[in-house]
Amino acid sequence: MSSPNLAHPPTDYTGIVLFPRELSQFFMGDAGETLLINGAPGTGKTLFTIRGLDVLDRDSDVLYVSTRVDQETVHEMYFADHSSLDTTAILDLFQDPFELPLDVDVPFEKLDLDSLLEWIQEINAATTQLTIAFDSWELIYEYLAVRHDDPPDIKTVTNQLAVLAREENIRLMLVTETAAPSSLEYIVDGVVTLQVKEDDRGRTRRDLRLDKLRGVRIGNRLQPFTLADGQFQVITPVELLTIQTGTGNGTWDPLANSKAKFSTGIRDLDRILSGGYNRGSVVHLDLGPDLSRDAWSVLTLPTIRNFLSQEMGVAVVPPREGSPGLLHNDLNTVLSSQVFDTYCHVFETYAGPSDSADRYDQPDSTESFSEMATTTPPDDAPTATHETDGADDGSRSTDGVTGSDQPHPIDEDFESPIEGGQLAYEPYMAYVEQVREESEDPLLHVISMDTAQEAFETRLGDFANYVALHNDLTLLITKQGTELRTRADRVADMHFRLERSGDAIILYGENPLTPLLGIGISQSESIPKITLTEMV
């Protein structure tokens, strides 16, 4: 049987992987491995086991052994529509332990603890590679133990199974009914624990803990997962685009706004919000600790693109610690430079030197939110210059609007909202009013409250009223330690939080209340597509 490389388990490239990479590597070992699957009832152990069998079925014969109910019922409850396995892969010991999909000559009539190992050996002899799961192992042990006057304890039988698995190169999965550590963990080669809990607002949070995987380096022990659509799926780390010069080859297909709503630019989020953000509303995007410095862009960039693609004005005050050139490079990749120059207004302020430990970002690398792509150091960032001879070199007049995002050129009649390197409220409002006069459409304001704290600390209420009056949309960005965080929440119509869960990124709404949503970013196309998967 030809098989794919299990080190790279199947994924749909949207931040969801069907089986953890570490577990695929664990089962690739030369010797048979025994995995203990811990978890309280209702944590998703059976769906996890079925997912594992589904993946391992690609290069082995698999068998799911249970004492639950009959084959048809088990298949209908857990396998149908969620697995490629049919009823022949399911064995109910309560019925006939010898009704196997393989041609096996079993030299005994009754299955008990003494004959269990021989039974497994006979099945293995009829296959090239066997994977067998016992769900649950305690119930199967108890069912077979009652056939003995003085049965060996479960620890002894488990040890015999693990030894047999190593000798015969059999993959074993033993499902238990407890999350508490047990003596069995010292016998087996690998241990995972499935956990589920609810937060104070009733949202379900599920995590897979990789306790032990012999021979495998575990970089991230805690991995969030979901049982959405009745399937076990791991929510994986997502990658941000490497900061680079835009090519202009992408095409952003805008999502339509309605009379009452602005599209978020993310189809899944529009669906959750019944069409998007309300017109005239203030949205608070609350960033949790330990996120990368460009995490703010995950939700804001799609909305910015959607406004600009419909030739609607956008004013952005980005975080001071964001990657230089992020907006310019991203937007010029998916929109024409004329659209960016005409409708996008970026106001960056002077941050000055800082050695603060309370930053968005972690040390740079190239992998994910937790390991960001290397960006241009501040000293090497492009400086603002005036356009000369109409040259289209990406440098435009900033007239006090400083920074490397090469903002919209300031009209001679427009007064810069930057005073002494800092954003000022009245000049900002005067500036957007002049922008508004050039268009009949509402504006999008994207404002980092850390950057704009001095300008907005006494005017947030006034600004929220202004936004409502003009049917604009505002995204206020705060992070841990932002002084205006609580005040931003008070004036906001919606409140969303972005936080880390293991190495993955989770989004959820406080107002409106939403489930936890795993974020996936597909980079298989020229424009990244963001997907949201509900954690259930």
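Quick reminder: no glycine exception, Cβ is built from N, Cα and C everywhere.
Residues or ranges marked as ATP binding site by Swiss-Prot on the basis of sequence analysis: Gly39, Ala40, Pro41, Gly42, Thr43, Gly44, Lys45, Thr46. Among the features that Swiss-Prot reports, compositional bias 'Polar residues' is placed at 363-372. What Swiss-Prot records for 373-385 is compositional bias 'Low complexity'. According to Swiss-Prot, the feature compositional bias 'Basic and acidic residues' maps to 386-396. What Swiss-Prot lists as region 'Disordered' is 352-413.
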Determine the Cβ neighbour count for Thr43 (ATP binding site): the number of other Cβ atoms within 10 Å of its Cβ. 23
Sequence gap of 6 or more, C-beta under 8 Å: which same-chain residues meet both conditions with respect to Pro41 (ATP binding site)? Glu177
Are there any residues in the same chain, six or more apart in sequence, whose C-beta is under 8 angstroms from the C-beta of Lys45 (ATP binding site), and if so which? Ile37, Asn38, Gly39, Asp135, Ser136, Val175, Leu194
Can you give me the same-chain residues 6 or more apart in sequence from Thr46 (ATP binding site) with a CB-CB distance under 8 Å? Tyr78, Asp135, Val175
Within 8 Å of the Cβ centre of Gly39, Ala40, Pro41, Gly42, Thr43, Gly44, Lys45, Thr46, which other residues of the chain have their Cβ, at the recorded ATP site? Leu194, Val196
Nonlocal neighbours by CB distance (under 8 Å) for Ala40 (ATP binding site), same chain, sequence gap 6 or more: Glu177, Thr178, Ala179, Val196
